[in-house]
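Notes to accompany the following structure.
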C-alpha cells in the first residue's frame, strides 16, 4: 500500500515541477514578445507563439487543479464521482488539452499559407491569423461541452486519482482522441510535408547563388516540422495507446497516471521550444537575463561601499 502512495507522491512532484517550468517559460515568452512587439516582434509568427503560450498557461492552470487530488488516497470521501465540480474540472482539463493540440495545427496552417499560398495576400494578414486563433479557442470550448452529452465521459478515475475524460469508457475516450489528437496530427504532417516538398522543389530550380540560403531554410523548416510533430506525438501517443490496449486488456493502474504525465511533459517541452527555437526571442531572452545580471551587480556594487 505504501509503495502505491509513494508512486502517486512522486508523480505529483513531477507534475508540479513540469507545471512550474511551463508557467515560467510560457509567461516569459509572452512578456518578451509584448515588451518588444512594436519594434522587434511584430509578426504573425510571434502572434501565433503568444497564442501557443497562452494555451500552455491554460493547460498549466488546469493541471494545478488536479495535482492536489493525486495526493489524496481516497478522494471519494471528499468528492462524489459525479459531482458538477468533478465534471467541470475534467472538462476544463480536456479543453486545455484541445487548445494546446490545436495551437500546433494553427501554426502549421499559417506556415502553409506563408510558404505555399503566399500569392494570396489576404491569407498573410493579421486578420486571418486572428480568425485562426479565435477558432482555436472556440473549438477548445465547444468539443468539451458536447462531451457532456455522454454521462460516462467525465468521471473521477481512481487509478489516476483525477477527474478526467476516463479511458475506462472506450467509445468516448477513443472518439475524443481521434478528434483532438489523430486528426490534427495527420493534418499537421500533411501540411508540413507539402511545405517541405515545396522548399525542396524551389531549391532545385534556384540558381547556385541562392542554393545555400535555400538549403539553410529547408533545414530550418525540417527542424520545425520534427520538433512540432515529436512534441505533439509525445503528448498524445501514450494516452492513445493505453486507450486502445485497455479496450482488450486491463492496463496496470500506474499507466493511467503515466499516460497523462506524458501530456505534461509534452507541454513543458513545447514551452521550452517556443522560447528557444525562435532566434529573435532567444536573443531577447538572453539579453534580458544579461541586463538583469548587470543591474544586480551594479546594485551590489553600490551597496558594498555603504556596508564597509
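Glycine is no exception: its Cβ is also placed from the backbone N, Cα and C atoms.
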From the ranges 253-277, 278-302, grab the one TrEMBL calls transmembrane segment. 253-277
Of the ranges 200-220, 221-241, the one TrEMBL annotates as transmembrane segment is 221-241
Could you check if the transmembrane segment (47-72) is in contact with the transmembrane segment (221-241), meaning 3+ Cβ pairs under 8 Å among residue pairs at least 6 apart in sequence? no
Restricting attention to the domain 'G-protein coupled receptors family 1 profile' (26-274), give the mean pLDDT. 85
